[in-house]
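Feature annotations, reproduced from TrEMBL:
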- Arg49, Lys55: NADP(+) binding site (BINDING)
- His127, Phe128, Ser129, Gly291, Lys306, Pro307, Thr308, Ser309, Ser310, Arg333: FMN binding site (BINDING)
- 51-65: compositional bias 'Basic and acidic residues' (COMPBIAS)
- 47-71: region 'Disordered' (REGION)
Amino acid sequence: MSATSSWGTNIKLSIFGESHGPAIGAVLDGLPAGVPLCMEDIEAQMARRAPGRDKSSTPRKEADTPRFASGVLDNHTTGAPLCILIENTNTRSQDYANLALVPRPGHADYTAFLRYGGHNDVRGGGHFSGRLTACLCAAGAVCRQILLQRGVHIGGHVLSVGSSFDEAFPEVEIPSSLLDRLSREYFPVIRPDAETQMRAVIEEARMARNSVGGTVEIAVSGFPAGIGGPLFGGVEPVLSSILFGIPAVKGIEFGAGFQVAKARGSENNDPFYYQDGQVRTKTNHAGGILGGITTGMPLLFRLALKPTSSISLTQESINLSTQSNEALEVHGRHDPCIVPRAVPVAEAAAAVALLDLLLTAGDQRTL
Ligand SMILES: Cc1cc2nc3c(=O)[nH]c(=O)nc-3n(C[C@H](O)[C@H](O)[C@H](O)COP(=O)(O)O)c2cc1C
């Protein structure tokens with residue numbers, strides 16, 4: 001059977017571990033040597049994703065301290081595979097005892113049982129747990145630093161929770177200071193009052209023992225023009241293949257996305273013009289990508305995240321052992337809304353993919 005937890009062409013990312021095993025981690029191979037890394041920044045990115053900060057996220061608290069087992073010496077990459085270990089310190093496996101045979105609707109318990117014949121670790125969702133995204137955050141934080149040293153800024157925000165919306169990114173002129181601010185925040189939004197409204201929607205879902213989904217919008221500025229390629233090696237397919245690996249992501253749109261289906265060509269085409277010798281476009285419905293190749297305009301994409309499947313309302317399920325229908329009560333600690341915590345994860349995934357694309361383009365001059 002083929003491996004499913006590895007990704008990349010030049011950067012090879014491999015994620016390992018299970019939610020309630022001793023540790024989870026990532027191996028990142030193919031990084032340039034001699035790149036200075038700020039360890040505090042990597043921890044800060046992981047802290048944005050870590051659970052247990054407030055009532056909008058799962059009460060499971062994890063220190064999420066990354067330990068670098070190889071690939072870093074004196075805070076510089078060595079060029080050897082970089083191995084990041086994160087210990088699991090706060091597990092309550094008894095909460096998951098019933099899920100081996102009575103799968104959670106909307107989660108991976110049933111399909112994992114089919115695929116692995118019941119040998120998979122169901123505790124805390126095992127290898128399917130959202131906790132595995134801590135590894136992606138750590139690996140992405142490393143790649144993001146390399147990109148930042150080349151003037152590439154990545155930032156995202158919670159665009160919506162349920163039907164409560166933040167303001168969208170401006171499509172042509174996105175200040176890197178805005179992206180830098182968002183990429184440090186725990187509940188990143190552009191319009192300050194959006195957070196209060198969204199938190200109220202999340203709290204309402206939590207009180208109803210339910211959950212709520214939403215969208216994340218990511219923008220990238222400073223990424224060079226002319227990177228990518230047609231067909232399967234294009235920027236959209238490369239980004240999508242890692243972004244769809246984030247658990248609970250159910251949709252991705254680039255630029256105007258599904259709105260293009262309603263537009264005329266004259267409305268959707270982004271007119272070109274020269275500004276100070278640089279080719280720009282007046283609008284950016286393309287999200288900075290044409291023919292799978294970057295135009296030099298900001299990259300813009302959005303992810304749709306489903307409502308957390310583990311809800312404490314009683315649900316209809318089945319018992320795989322007795323082959324009968326059975327009601328299920330989910331125990332354990334779960335986010336009523338994973339959207340805010342998915343923002344740093346999506347930024348991290350984008351950083352890994354964009355560094356991989358840069359290296360594919362042979363752009364190693366200053367790497
Ligand atoms: C940051 C993050 C945290 C998550 N936390 C939970 C959680 O607490 N409970 C849960 O049921 N699902 C959680 N998920 C989603 C599940 O891992 C995911 O729905 C499940 O693996 C099934 O995969 P699918 O939704 O992609 O089909 C989380 C996802 C992310 C990205």
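The backbone N, Cα and C atoms fix where each Cβ goes, and this holds for glycine too.
Not measured: the values here are computed from a predicted model.
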Among His127, Thr308, Ser310, the binding-site residues whose C-beta sits under 6 Å from ligand 1: Thr308, Ser310
For Thr308 (FMN binding site), nearby residues of its own chain (Cβ under 8 Å, 6 or more apart in sequence): Ser211, Ala248, His334, Asp335, Pro336, Cys337, Ile338
Position of peak Cβ density within 10 Å, selected from the binding-site residues Arg49, His127: Arg49
Rounded Cα separation (Å) that holds between Lys306 (FMN binding site) and Arg49 (NADP(+) binding site): 17
Distance from Ser310 (FMN binding site) back to Arg49 (NADP(+) binding site), taken between C-alpha atoms, in Å: 18
